[in-house]
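The following features are taken from TrEMBL:
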TRANSMEM  B:6-27  transmembrane segment
DOMAIN    B:56-165  domain 'Epoxide hydrolase N-terminal'
ACT_SITE  B:Asp231  active site, nucleophile
ACT_SITE  B:Tyr381  active site, proton donor
ACT_SITE  B:His438  active site, proton acceptor
Amino acid sequence: QRILCLPRSFEYSQKNAVLVPVAALGVGGMLVYWLRSRHKIKTLEMGDGWWGSGERPLKGKEDESIRPFKIETSDKEIEDLHHRLDRARYAPPLEGAAFHYGFNSNYLQKVVAYWRNQFDWRKQVEVLNKYPHFLTTIEGINIHFIHVKPSYVPHGRAVQPLLMVHGWPGSFYEFYKIIPLLTEPAKHGLAEGDVVFEVICPSIPGYGFSEAPHQKGFNTVATARIFHKLMNRLGFKEYYLQGGDWGSAITTNMAQMLPQSVKGLHLNMVFVAIQGLGRMISVMLGAYAPWLVGLTREDVQRVYPFVQKNIYNILRESGYLHIQATKPDTAGCGLNDSPVGLAAYLLEKFSTWTDDSFLDKDDGALESKYSLDELLTNVMIYWVTSSIVSSMRFYKENMSKFPGPAADPRLGVHVPTGIAAFPQELAHTPRIWAKDIFKNIVTYSYMPRGGHFAAFEEPKLLAQDIMHFVRKVEQL
Amino acid sequence: EFCSSLAGIMLLEVFLVLGTVIIYFLLTKKKEETLPFKEGWWGKGQKPDTEEDTTIRPFKVETTEEELSDLFRRLDQARFTEPLENSCFHYGTNSVYLRKVVSYWKNQFNWKKQVEVLNKYPQFKTKIQGIDIHFVHVKPPRLPEGQSAKPLLMVHGWPGSFYEFYKIIPLLTDPASHGLSDEHVFEVICPSIPGYGFSEAPHKQGTIAASVFYELMLRLGFNEFYTQGGDWGWLICTNLAQIAPNHVKGLHLNLASVTNMGFTHLLSVLLGRYLPGLFGFQEEDVRRMFPFLEKGLYRILLESGYAHIQATKPDTVGCGLNDSPVGLAAYILEKFSTWTDLEFRNLEDGGLDRKFNLDDLLTNIMIYWVSGCIVSSMRFYKENLQKGLGTQKHERLTVQVPTGIASFPNEVMHTPQAWAQKKYTNIVSFHFMPRGGHFAALEEPQLLAEDILQFVGKVEKEQLWRKK
């Protein structure tokens with residue numbers, strides 16, 4: 001009957017000719033709006049801040065000049081260091097302890113002997129100054145950064161701006177070996193070089209030559225905002241980000257804050273909380289049926305035995321984090337006064353976080369992957385700037401709300417993301433877990449070797465992965 | 001960094017430990033076992049074949065001009081970092097206050113005079129299990145008719161020393177002169193834990209203090225004695241009571257931690273505020289413990305960073321402190337502030353001169369400095385905690401020796417009697433002290449002495465040690 005009625009409905013077609021399209025538009029429009037608003041990305045609020053001494057000045061605009069900067073030293077600085085090294089007091093290690101109680105003081109004495117007699121700080125300062133340094137004032141404090149442009153750009157090739165952020169106990173200096181691979185890939189035998197970068201490596205406020213905040217509350221969100229302002233001030237509208245350690249948290253916040261400015265986010269370390277019943281179940285099942293919970297064979301090797309690798313290991317290695325997140329001024333006080341103490345504290349990480357089998361070695365196998373010159377240069381950056389205490393405060397500022405960090409992980413990260421998973425990193429995050437936060441993983445690579453200080457230890461591997469990631473993003 | 005992962009993991013570890021303990025609880029009945037006496041060799045290299053030298057040699061603390069001028073040079077060249085605005089002691093020791101301390105240290109503190117103060121009590125050294133053990137031994141100046149001095153072993157903790165007892169010793173060896181009853185008079189022995197102060201540090205890995213002190217008391221000719229302790233002294237004295245219950249007449253503690261937590265503890269934490277009677281909580285217990293998240297969990301997390309790093313990387317964290325007296329002072333003073341009263345974190349000077357004087361605080365710090373023992377003192381944490389809480393044998397064994405507990409209100413975490421009596425099955429006295437914190441002997445010597453005296457009074461009156 002209805003079908004028989006149809007011919008009659010065409011009699012009203014003129015009315016329907018108006019109503020139906022309008023209704024369709026209306027419904028269609030609502031559908032489109034609903035679909036789009038579901039995917040509308042919530043961003044991290046940018047906010048604002050003031051980190052200088054005292055009250056923020058009411059009048060006057062901030063000085064936005066970018067001033068060239070050179071690291072300097074003096075006889076006085078070097079002599080003072082030498083005196084302290086000469087007078088260092090050591091406590092002998094326990095028999096057979098290797099690095100299991102921390103930095104072995106027998107080996108430390110050898111390091112200090114080198115530092116006193118062979119390490120040439122003036123020469124290292126020249127090495128540091130080989131890239132152009134700058135200072136600029138943002139939110140009341142001086143931000144230090146290096147800015148390296150490629151010396152030669154092939155015709156028609158675009159130069160990608162890349163912001164690389166260090167962590168603790170590192171510095172901008174960790175990137176010195178990888179920078180040339182990114183600014184001049186062809187010269188270093190890296191793939192055809194269809195991606196070329198200009199690299200900006202700032203120092204996190206409170207680290208190295210960046211001024212330390214004078215106010216409480218300076219966390220990764222504030223850092224992210226300041227670094228966006230920096231890139232903006234340098235004239236960049238869109239850029240790539242790369243980071244590990246704190247650099248990973250900061251660049252992740254940057255991607256959550258202004259996704260439209262972030263072309264891609266590359267991380268060599270990823271934090272995802274092992275929270276939630278679902279995650280715990282997948283951890284337990286994953287040991288027996290990894291494919292069921294999306295874990296690969298490589299994941300299984302790196303994640304299990306779970307309690308050993310993710311609980312005992314982390315508890316054993318996170319004492320520094322616990323004390324720095326609660327009493328940074330106490331923890332850093334002696335280290336700012338004793339260069340030997342500072343070296344022991346920082347270099348222990350370069351040993352253990354590079355490969356945890358180094359704990360069994362009397363010398364922490366430090367020199368198997370790094371040279372004393374480069375390790376001590378990093379230590380000297382903390383020493384000559386007296387920044388150890390402010391660097392530690394960053395831990396406390398980021399634990400303002402127990403248990404999580406300041407940023408809201410529920411926001412997710414939607415910019416194209418590349419993850420380089422190094423085998424000796426402190427904890428392994430499988431892709432399936434990373435996807436909880438990183439919604440747009442473009443590349444995920446199991447790196448063949450390397451630990452926490454990827455840029456420092458395996459610059460070529462890291463550079464290759466960054467380029468592989470950027471190439472994919474650019475083609476998308 | 002590991003922010004949420006760490007917290008998540010810590011919570012998971014808490015639950016794992018609880019779970020393991022539940023299993024232990026179900027599978028093993030708490031036996032009235034003793035802890036075995038540990039025989040060992042802690043000296044350098046191999047144990048020699050010759051008989052150990054068991055002589056007791058008199059000892060005096062000494063100093064030299066060189067030691068002093070080296071210290072002053074380091075104080076002069078100290079590098080400080082400005083604190084954040086309005087941070088008081090929330091980020092640790094405030095460096096503005098620290099500068100004042102250093103200035104006093106340089107200009108007014110008289111180490112030579114303090115050395116004389118240290119030497120006013122007779123000190124000795126003797127070799128036990130391969131290492132030199134230092135101790136103070138003070139006998140009463142006079143004894144009432146027909147009385148004999150009762151031996152009392154008092155054990156310090158970290159970051160304290162034998163010096164913490166210098167104010168309380170006269171109250172115990174000569175109570176009559178200090179307005180206290182002389183019904184019981186003590187001869188006091190205060191050793192330094194191996195690796196602390198003037199006791200030699202062990203050269204080998206492992207834990208030893210209780211066995212070593214037991215041997216010390218036997219060597220001094222004491223067959224029966226009382227023990228008193230707080231902080232690590234709590235653990236060492238407890239272990240001693242577990243090793244040699246027939247020799248320990250009474251155990252007095254100003255800290256009674258319970259590390260072996262089980263399901264009932266969890267339940268009492270969740271419900272104890274609402275049903276205190278059900279769990280044996282008194283009103284004062286509830287006042288001190290709840291809200292539990294704030295006064296229990298968060299407080300422990302906020303204040304245990306030092307224990308975490310010392311239990312894992314003592315050689316790293318101690319290194320700089322052995323080289324920078326200012327760093328050492330900052331590290332130790334923070335504890336004397338916060339553990340005396342948590343409210344002191346809100347003060348710019350950490351409230352340090354409200355309860356202590358700088359001479360005493362600096363003397364304690366100087367003991368760590370001149371003996372270079374900060375690293376070995378920290379290793380004690382690793383030796384005792386590295387396998388985690390609730391995993392060691394002594395934690396599962398109970399204590400049957402008559403026990404007295406003085407519970408000070410400002411101790412970082414409160415242990416109610418209901419929990420303590422699961423481990424200390426023979427609690428003779430348990431008192432809520434009216435004031436005072438962690439460093440009871442130094443801060444409130446009179447209160448602590450009174451509590452020790454009343455405890456010993458009870459034990460002696462009823463000859464309780466015979467009834468074990």
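The first residue you see is number 1, and the count goes up from there.
Cβ atoms are placed via backbone N, Cα and C, with glycine included.
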CB contacts for B:Tyr381 (active site, proton donor) [other CB atoms within 10 A, all chains]: 21
Cα-Cα distance linking B:His438 (active site, proton acceptor) and the residue listed as 'active site, nucleophile', given in Å to the nearest integer: 8
Number of Cβ atoms other than its own within 10 Å, given for B:His438 (active site, proton acceptor): 22
B:His438 (active site, proton acceptor) and the residue listed as 'active site, proton donor', Cα-Cα, nearest whole angstrom: 18
Per DSSP, three-state class assigned to B:Tyr381 (active site, proton donor): helix
Average model confidence [pLDDT] within the domain 'Epoxide hydrolase N-terminal' (B:56-165): 96
DSSP-derived helix, strand and coil totals, residue by residue, for the domain 'Epoxide hydrolase N-terminal' (B:56-165): 37 helix, 24 strand, 49 coil
